[in-house]
Amino acid sequence: MTAPRPQATDDLSILTVRLASPRGFCAGVERAIRTVEDTLSQYGRPVFVRHEIVHNVHVVSRLAAMGAVFVESLDEVPSDRPVVFSAHGAPISAHQKADSRHLVKIDATCPLVLKVHNQTRRHIAAGRHVILIGHAGHPEVIGTMGQAPDGGSITLIETEDEASKVSLPDAPLAYVTQTTLSVDETRGIIDVLKSRFPDIAGPAKEDICYATSNRQAAVKATAPGTDLFVVIGSETSSNSVRLVETALAAGSAKAVLTDGADSFDWSLCDAARSIGVSAGASAPEELVEAFLTTLAKKRPIKIESVETAKENIVFKPALRLAS
Ligand code: SF4
């Protein structure tokens, strides 16, 4: 769907705000946050969480205030307290370690990440060498790399250039992808792989999740012609960073990521006549509302909604609460 370009009004003081939809929380993030809340209500505080449950500073501090303790190593989890695994997924070794310590483990891995884990394990079991397209060091990539029992059946690539040069074992090949990549860049990488290795196995569509694709499509429709594009989300959030890149590629003059109204550089809006606004999949809608409320106190605004899809996906809870 192509949305019309922003219609700046004749009154130069009025700022046109184009609000991208869908934006903000996805089903996997809602489920993960609820998992921590449910675990707190079932087991009391503290509840330990392996890694930030989702990549958003506001969400993490709210849950920390409720009694969640975020740790990077399972060694930091006392044996008598439950541990929640984050939405990004974990390597097999982390599950084994929690099990060997008999920890109460609640897995909030997004079902769409689990789907990639399952595909990866199936390919390896069928004797294929797996190419993972993703960003080195991201927890989801660490979790997917950790699905190989010997650690050696997966090669990570990040760019088209790497896809064109990577040397691989002499074995049947398959590819999987991180769920929160740029749709356009990933398509280019897959095209290079398919041209080099015509028999490579892969998903019918890349593994980029519905939420990432929908948010990028909404930003593509919202950004053209805007003077500034504001993505609300944290620096650690891969899908939020991709939205900034998408806005620039789609024709916004400038695009920035912000954790919210409190830390935003409001001088960026001074000379703008139209701005676009979206939020990453881990950013709560309250942050968008607070941003717009603060903006409206600084300048008169006219809001245009640009909706490219409706979402109604809900995942089953990870924890069945005892009644
Ligand atoms: S961004 Fe996609 S993969 Fe990640 S939690 Fe949300 S739905 Fe799941």
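Positions of Cβ are set from backbone N, Cα and C atoms, glycine also.
Features as listed in TrEMBL:
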ACT_SITE  GLU140  active site, proton donor
BINDING   CYS26, CYS110, CYS209  [4Fe-4S] cluster binding site
BINDING   HIS55, HIS88, HIS138, SER237, SER238, ASN239, SER282  dimethylallyl diphosphate binding site
BINDING   HIS55, HIS88, HIS138, SER237, SER238, ASN239, SER282  isopentenyl diphosphate binding site
BINDING   HIS55, HIS88, HIS138, THR179, SER237, SER238, ASN239, SER282  (2E)-4-hydroxy-3-methylbut-2-enyl diphosphate binding site
Response to the item:
Least surrounded, by Cβ count within 10 Å, of the binding-site residues HIS55, HIS88, HIS138 is HIS138
Worksheet item: Taking Cα atoms as reference points, which of the binding-site residues CYS26, CYS110, THR179, CYS209 is nearest to HIS138 (dimethylallyl diphosphate binding site)?
Response: THR179
Worksheet item: Are any of HIS88, GLU140, THR179, SER237, SER238, SER282 (the recorded positions) within 10 Å of CYS209 ([4Fe-4S] cluster binding site) when you go C-alpha to C-alpha, and if so which?
Response: THR179
Response to the item:
Looking only at the binding-site residues HIS88, SER237, SER238, ASN239, SER282, GLU140 (active site, proton donor) has its closest CA neighbour at HIS88
Fill in: Secondary structure of THR179 ((2E)-4-hydroxy-3-methylbut-2-enyl diphosphate binding site) (DSSP, helix/strand/coil)
coil
Discussion item. Less than 6 Å between Cβ and the nearest atom of ligand 1 is the rule; apply it to the binding-site residues CYS110, CYS209, SER282.
Written reply: CYS110, CYS209
Discussion item. Nearest by CA distance to SER282 (dimethylallyl diphosphate binding site): which of the binding-site residues is it, out of CYS26, CYS110, THR179?
Written reply: CYS26
Item to complete: For ASN239 (dimethylallyl diphosphate binding site), name the DSSP secondary structure in the helix/strand/coil scheme.
Response: helix
Practice prompt. Let me know the DSSP-derived helix, strand or coil state of the residue listed as 'active site, proton donor', please.
Written response: helix
Practice prompt. Can you grab the distance from CYS26 ([4Fe-4S] cluster binding site) over to HIS55 (dimethylallyl diphosphate binding site)? Cα atoms, rounded to a whole Å.
Written response: 13
